[in-house]
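J.: What follows is a structure written as structure tokens; I'll ask about it next.
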Amino acid sequence: MRFRSNNKMCRGRALVTGSVLLLVQLLCLEAVPISMDKTKVKEVEGKKEEPPASVDTGLHYDRYLREVIDFLEKDQHFREKLHNTDMEDIKQGKLAKELDFVSHHVRTKLDELKRQEVNRLRTLIKAKQDIEGGNDIAVDHQALLKQFEYLNHMNPHTFEVEDLDRLIKSATKDLENYDKERHDEFKRYEMTKEHDRREHLKTLNENERQKEEEHYQELKKKHADHPKVNHPGSQNQLKEVWEEADGLDPEDFDPKTFFNLHDTNGDGFFDEQELEALFTKELEKIYDPTNEEDDMVEMEEERLRMREHVMNEVDSNKDRLVSLDEFLVATKKKEFLEPDSWETLEQNQAYTDEEMREFEEHLAQQEQDLHMKAVDLQKQRDELERQQDQLNAQKVELQQAVDHMERLKSQKVEPPPEVHVEGNALPEIHAFDDQLHHEQKAQQAHQPEHQAAHDTPQEHHKPPNQILAQQGLPQTHQDLPPGHQEAAQGRNNVP
């Protein structure tokens, strides 16, 4: 589930949250010297300081953002300007203009980083198109790159002032929207969990359903049975950390020393990650990963709620960081000394009954839409199968017709030969005349004598054209088909 993956990275948004304070934390701020009474913090004196771990902001362009920051950090001019730039000026993009004065080596590396990022985005666009089945469609990379506002896609080769300005503003906006998106996603997570529980109950019989409900109520009761949770950021909560995590005497609690001890990267600020680390002891009172009743997703949400609360109470300039001055001012307030009780998640349901009803209606509508799509797809499949059957039948009929034509062709008798004269076929009439003459002689030889005596001279001497007429053959050249008349005439003229 997306919420679970977001929770893994949500604690890492600290170093780069807020208007270019993502730059401030990594670039411009020197470590604040720790001033403390070493006689009271001997355990800390020999502690080896380690560099802060690389933190993932969760932004899809996190690597590009971090690499740009790392190289800007190497330019002394940029660092000095950042020291002297007001936060409001940073928001308005005045700091970005200082990019024109950074060293050639840094600019060259930034150009290379941008080209790599543009190529990465193009690869992602192409991969998405391949997955969606658009291999044959030309990709308009310039149009698609518009959706990535953190760089100037019209100039994919060099890193300019506009690119730094876009990167600062985009990171600021995206990180500021993170909390709202996280709240909405956690709410959906909780409603989905409750919906699944209700659906599971519908599959049980009455006795099983009753046992399941009793078990569910028992788990809720066990989860709520925990030690008192101190108000986040209060004196009692911080003293508990001072005593149990730092191993110091709570009577010697000193806000400034506490701040310096837990400013782990030594930049003079409590960022979101450092604040969330302060709430671990309180969360351990409520959540145990080995307990069935404890949901670790809810634990991370509780941690973020605590951090968000302290930020709202202490971060006076709303830069998403707590400076030493802001921290010391907060420790003098009544809320720090006498805080109200803290209501945990089980006391504050993430959703209302109305929201749950709307959520289930939405799920039901989605299920209905999916069912209709499944029915439509089945109809399309049936229609395709019907068309395939028709094509197969037509193929069989066509093959049968071809086989029949082949049989007829193999049984066909050859036509009689033709004599071709000047391109036209002429039947061999004279050959036929010779044959007819011999047949007539044979008939006369076999006729009875009395029949021959009775034959009149006219019958005995019938002209050849009458004989041809009796046989149904052409009598004269004019009776021949066009084209054969000239051929016959020419043949008669042969000497």
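Cβ atoms here come from the backbone N, Cα and C positions, even for glycine.
Not my notes, these are from TrEMBL:
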type	residues	note
SIGNAL	1-31	signal peptide
REGION	193-234	region 'Disordered'
COMPBIAS	193-219	compositional bias 'Basic and acidic residues'
DOMAIN	250-285	domain 'EF-hand'
DOMAIN	302-337	domain 'EF-hand'
REGION	405-495	region 'Disordered'
COMPBIAS	405-421	compositional bias 'Basic and acidic residues'
COMPBIAS	430-462	compositional bias 'Basic and acidic residues'
COMPBIAS	467-478	compositional bias 'Polar residues'
J.: Per DSSP, how many helix, strand and coil residues does the compositional bias 'Basic and acidic residues' (193-219) have?
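T.: Its residues fall into 24 helix, 0 strand, 3 coil.
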J.: List the helix, strand and coil residue totals of the domain 'EF-hand' (302-337) as derived from DSSP.
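T.: Residue counts for the domain 'EF-hand' (302-337) by secondary structure: 24 helix, 2 strand, 10 coil.
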J.: Determine how many residues of the domain 'EF-hand' (250-285) DSSP places in helix, in strand and in coil.
T.: 23 helix, 2 strand, 11 coil
